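Step one of this worksheet: look at the structure below.
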Amino acid sequence: MAIERTLSIIKPDAVAKNVIGQIYARFEGAGLKVVAAKMIHLSRAEAEQFYAVHKERPFFKDLVDFMISGPVMVQALEGESAIVKNRDLMGATDPKKAEKGTIRADFADSIDANAVHGSDAAETAAVEVAFFFPGLNIYSR
């Protein structure tokens with residue numbers, strides 16, 4: 001198994017619920033290390049740039065509006081099969097379809113306010129991590 005790095009965002013709904021620590025405990029319990037982290041309030045331009053891949057989708061405006069509605073916690077996670085592990089921890093995009101015990105089943109309210117974002121592939125993970133943590137702002141251990 002390869003050591004991978006992936007991006008995770010704890011979205012405004014989960015930050016507002018004060019469950020950052022509970023979500024971090026799940027990352028660490030699954031063997032993932034937080035190698036970079038910061039809390040930020042995205043600007044509209046930053047959210048539009050980050051989610052540019054969805055620009056033509058009907059949900060784009062609502063997604064951007066939601067992501068700028070409050071602070072988010074952004075972290076780079078590292079570990080064996082980090083991308084798949086993180087996606088398994090998150091659960092299905094729609095919390096109603098997410099397996100019990102996943103982050104979205106436990107903390108998300110709707111398909112829009114779904115608590116977390118995670119990279120879906122190695123290529124997107126590299127781009128997304130670099131978006132939030134350019135240069136040498138990552139500390140493997």
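Backbone N, Cα and C define each Cβ position, glycine as well.
Copied from Swiss-Prot, the annotated features are:
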- Lys11, Phe59, Arg87, Thr93, Arg104, Asn114: ATP binding site (BINDING)
- His117: active site, pros-phosphohistidine intermediate (ACT_SITE)
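Overlay of Swiss-Prot feature records on the structure.
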residue: Lys11; record: ATP binding site; DSSP class: coil
residue: Phe59; record: ATP binding site; DSSP class: coil
residue: Arg87; record: ATP binding site; DSSP class: helix
residue: Thr93; record: ATP binding site; DSSP class: coil
residue: Arg104; record: ATP binding site; DSSP class: helix
residue: Asn114; record: ATP binding site; DSSP class: coil
Among Lys11, Arg87, Arg104 [binding-site residues], residue with fewest other Cβ within 10 Å: Arg87
Greatest C-beta neighbour count within 10 angstroms, which of the binding-site residues Thr93, Asn114: Asn114
Neighbours of the residue listed as 'active site, pros-phosphohistidine intermediate' among the binding-site residues Lys11, Phe59, Thr93 (Cα to Cα, within 10 Å): Lys11, Thr93
Per-residue Cβ crowding (10 Å cut-off), top of recorded positions Phe59, His117: His117
